[in-house]
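**Q** A single structure is presented below for examination.
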Amino acid sequence: MAGELKVLNALDSAKTQWYHFTAIVIAGMGFFTDAYDLFSISLVTKLLGRIYYFNPASKSPGSLPPNVSAAVNGVAFCGTLAGQLFFGWLGDKMGRKKVYGMTLMLMVICCLASGLSFGSSAKGVMATLCFFRFWLGFGIGGDYPLSATIMSEYANKRTRGAFIAAVFAMQGFGNLTGGIVAIIVSAAFKARFDAPAYRDDRAGSTVPQADYAWRIVLMFGAIPALLTYYWRMKMPETARYTALVAKNAKQAAADMTQVLNVEIVEEQEKADEVARREQFGLFSRQFLRRHGRHLLGTTVCWFVLDIAFYSSNLFQKDIYTAVQWLPKADTMSALEEMFKISRAQTLVALCGTIPGYWFTVFFIDIIGRFVIQLGGFFFMTAFMLGLAVPYHHWTTPGNHIGFVVMYAFTFFFANFGPNSTTFIVPAEIFPARLRSTCHGISAAAGKAGAIVGSFGFLYAAQSTDASKTDAGYPPGIGVRNSLFFLAGCNVIGFFFTFLVPESKGKSLEELSGENEDDDDVPEAPSTADHRTAPAPPA
């Protein structure tokens, strides 16, 4: 049995020590960069529209055409989806460590290249931006399954959830840093190159130097990724991959002897026995019987969660404008608009996003993944309905702060809820040789949801009145009806959570069935051994 391997028992029972925190920082900085890169584009899209699609005859500032806006906002998600599938599969074939370095260098190169452009025409700049952001997303996609898998395989079973959640929580700091960098850059440029509002001077409201501002914001994301490359390459391969997949238990024991500072002598025969017994593939009947409903649960929950999460997150600036929390665009210069959009996103990250992530870190190994995910979907539904039902009340003068508070609570329960748990659980419940692949499939389903949100919300949230839509967009269903739709997505996630097992306090081998003989596995998982919700107290 896998559970008889001394090296895995040593990892499961290890006390929390320095190498755990080192792994959190190394893996977490990748997610810091991921979040910074994916969300920073929403801070500069209005500026891009003013610079490259300026029309002197228009009463409103230039904006990205619908197809260009959809491409700029969504192309990184397309790359991320492809990267999650490809690097997730590759991580199980080549090893976590080897592939980890590839993804990071791809992120660094494409992050820097995102700020470059071929020519100065709108078409040339947008084509360059979309090309490099696709490949940036491809690298980011690999970071999802690999970071989660590496952290889960390094962690002890008592605090594994908190460690994986801490890696994911670095996204919150990535969002916050993106807003802060954009605030500093826009404020510095505005102080040096001040400009009048658009309605006072249409051409003069966007100074030529503003073209550098968005490039600096996007390129800054390469710095934290570059700083962690050396340390990623120094990490040894995870013991679970080396012993259970590469079938070299002695090397796994040697690696973990250095990490844990204890002497571990492993018997190769035990690892060979596990490898002989655990040979079924992803598309086999045995995988379907053991893990089919689990994979369905993780993919559907992540898919519907990301529809709601990314459609709201990417277009915060449009929602703020709708409730008049931001001034009208023609009353601001280009850099002033960038500053105020960045300030709004920074406040939401600080008040609604970061606290939710760290609540998950502190409570996930106490109350479990199931309760947090179920509760998160429930409260997201409640708060979105609370925004949608009295939507006209929230958009009247004097009620805007209440809207923002409700919106912040929605994000709090997304992050102290399914946005964290959908990342954590797939790294725990699948066999070692398929763990990275299954996490990549689950994450790719999430990014498919993000694509639906980021492309579809551009059109769906448009006013039903054709005279009030953004330039180039057909009438949509409006923000209010969009919020009803997103609440419905959360309801679906609530019910599919019941397909996902509770993983608190169990070893990875116990959860994946690698401790069981094939003959011991029932056709349908029993209630006692594969309980979805925690058992009630006796």
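Just so you know, glycine gets a Cβ as well, placed from its N, Cα and C.
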**Q** Do the topological domain labels in Swiss-Prot for T159 and T422 match, putting them on the same side of the membrane?
**A** yes
**Q** Using a Cβ distance cut-off of under 8 Å, indicate which of 24-44, 164-184, 347-367 has the most pairs with the transmembrane segment (99-119).
**A** 24-44
**Q** Based on DSSP, tally up the residues of the topological domain 'Cytoplasmic' (145-163) by helix, strand and coil.
**A** 14 helix, 0 strand, 5 coil
**Q** Excluding the flanking five residues on each side, which residues at least 6 beyond the ends of the transmembrane segment (164-184) place their CB within less than 8 Å of a CB in that stretch?
**A** 24, 27-29, 31-37, 39-40, 43-44, 147-148, 151-152, 155, 216-217, 220-221, 338-339, 341-343, 345-346, 349-350, 353-354, 356-358, 360-361, 364, 415, 420, 423-424, 427-428
**Q** State the mean pLDDT for the topological domain 'Extracellular' (391-396).
**A** 80
**Q** So, taking each listed stretch (70-90, 124-144, 397-417, 441-461, 482-502) in turn and counting its Cβ pairs to the transmembrane segment (370-390) that are under 8 angstroms, which one gives the highest count?
**A** 482-502
